[in-house]
Amino acid sequence: MIPSSPFLCFITDESRSPIILARKALEGGASMIQLRHKSADGDQLYHWSVAIQALCRKHKAIFIVNDRVDIALAAGADGVHLGQQDLPADAARKLLGKDRIMGISVSSPLEALAAEKNGADYVGFGHIFPTSSKDKKNTPVGPESIADIKAIITIPIIAIGGITGCNAQLPIRAGAAGIAVIAAVSRAADPEIAARELVGILQKNIEHNR
């Protein structure tokens, strides 16, 4: 089950220990953790996944593995997040079954429609703002484009890309269910405090809409 909106998803940073970062983000109030480490081998990913899943259960949070359906299943993760060039969504759904979460990265309305059709439980949409973790040649889609996606799909949208404490409210106000961050937490002097501040900003958005 996707966390209640609005929520913070933290994606691990390859430059630091994913277990330490996940723990800090969870202690700061993150509701979802995604393990993303392109260069790690299967053995390392599995052991990280087992450890992070245990942390997520302790904090009643969702644990997602990036790309690797096999690791997600072996470690008992809550789900998997797939990119456009990863295992096809319909094939992944057959392996995952109906109970595990499947998210898909999208950057256009057509990709979002296809993701929902192929069984995605949520889409990660972006990049919303300029970011160092994505191809800088690609133009940011901007928070206003979230409304276009929300108008054509029924599954939750997680906004990603260049989100910081200064702009975190904009994707939520545009219709995103949550925000996903890497650097805003991982590269902060204190990742726990950074996560807590982002969660606080999201909570203020709830109060703003009352």
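Backbone N, Cα and C define each Cβ position, glycine as well.
The annotation 4-amino-2-methyl-5-(diphosphooxymethyl)pyrimidine binding site is assigned in Swiss-Prot to Q34, L35, R36, H37, K38, N66, S105, K134 on the grounds of sequence analysis. What Swiss-Prot records for D67, D86 is Mg(2+) binding site.
Rounded to a whole number, the C-alpha distance linking R36 (4-amino-2-methyl-5-(diphosphooxymethyl)pyrimidine binding site) with D86 (Mg(2+) binding site) is 13 angstrom. Across the structure, K38 (4-amino-2-methyl-5-(diphosphooxymethyl)pyrimidine binding site) and D67 (Mg(2+) binding site) place their CA atoms 9 angstrom apart. A sphere of 10 angstroms centred on the C-beta of N66 (4-amino-2-methyl-5-(diphosphooxymethyl)pyrimidine binding site) encloses 21 other C-beta atoms. Taking every protein chain shown into account, Q34, S105 are the binding-site residues, and of these the Cβ with the most other Cβ atoms within 10 Å belongs to Q34.
Scoring each of the binding-site residues (R36, K38) by how many neighbouring Cβ atoms lie within 10 Å, the top position goes to R36. Following the DSSP three-state reduction, the secondary structure of H37 (4-amino-2-methyl-5-(diphosphooxymethyl)pyrimidine binding site) is coil.
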